[in-house]
Amino acid sequence: MRVVLLGPPGAGKGTQAQVIADRLGVPAISTGDIFRANVNGKTELGLQAKSYMDAGDLVPDEITVAMVKDRLAEDDAKGGFLLDGFPRTTAQAEQLRDSLHELGQALDCVLELVVDEDELVRRLSGRRVLVDGQWVQRDDDKPETVRHRLQVYREQTAPLSGWYDSEGLLTQIDAIGAVEEVTQRAMSALEACGGARSDGPSAG
Ligand code: AMP
């Protein structure tokens, strides 16, 4: 199955991506994780991405799209994947669709995790990640950067929801609740869009 997980920063995409991908038996591909690994490893790609990430801005499309194309060409992604954090602009979505088309592939489902903004700010400000055995705040989770990232999301990424809806691929789920509850909603939504998308929602 080929799935895109959409949702604002702090919606729980990373956590859900891992669990859902395991259940589907496909790799979870997180562009944020790939960028962070490159920044930590001080690679050329990392150097290119770092200033954008530190500012809470998007890394330019051409850098991001090239990186994702390379990743999707790897063997483990041939039978399916779950993308987390990509696409984030309509241009990225169009290029993803075209690249998959060239490979004779297409997305099966776009799942959007919906959380209201007050809850997002609360979650992001309190979020800590494990680095070298220590729980630390990500630089881009600092309050000012968080507000900027949410603004970037609203302006550049939120329009993707309507774009994917018009492509007939979008399913939204409520992402507030315990991790397992949200996973359960996600799995039901994926079953519905993988198996019965053309039937539309049932009346009952
Ligand atoms: P994330 O872990 O998904 O919140 O991503 C962290 C940061 O990586 C973002 O704030 C961006 O700077 C960068 N990034 C991740 N994915 C993308 C993408 N699809 N397009 C542009 N920049 C991205």
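Each Cβ is built from the backbone N, Cα and C atoms, and glycine gets one as well.
A coil conformation is recorded for Gly10 (ATP binding site) in the three-state DSSP classification, outside any helix or strand. Cβ contacts within 10 Å of Gly10 (ATP binding site), excluding its own Cβ and spanning all protein chains shown: 25. The ATP binding site annotation in TrEMBL covers Gly10, Ala11, Gly12, Lys13, Gly14, Thr15, Arg127, Gly177.
Listed as Cβ neighbours of the region 'NMP' (30-59) (distance under 8 Å, sequence separation of 6 or more from its ends, same chain) are residues 14, 17, 67-68, 71, 83-86, 88-89, 139-140, 145-146, 148-149, 152, 156. Marked as region 'NMP' by TrEMBL: 30-59.
Thr31 (AMP binding site): 22 other CB atoms within 10 A of its CB, across all protein chains. Taken from TrEMBL, the feature AMP binding site applies to Thr31, Arg36, Asp57, Leu58, Val59, Gly85, Phe86, Pro87, Arg88, Gln92, Arg138, Arg149.
Cβ neighbour density within 10 Å is lowest for Gly177 among the binding-site residues Gly12, Gly14, Gly177. Between the CA atoms of Gly12 (ATP binding site) and Phe86 (AMP binding site) there is a gap of 15 Å. For Thr15 (ATP binding site), the nearest neighbour among the listed binding-site residues (Thr31, Asp57, Val59, Arg88), judged by C-alpha distance, is Thr31. When the region 'NMP' (30-59) is classified with DSSP, helix, strand and coil residues number 22 helix, 1 strand, 7 coil.
Other C-beta atoms found within 10 angstroms of the C-beta of Phe86 (AMP binding site) number 23, with every protein chain shown included.
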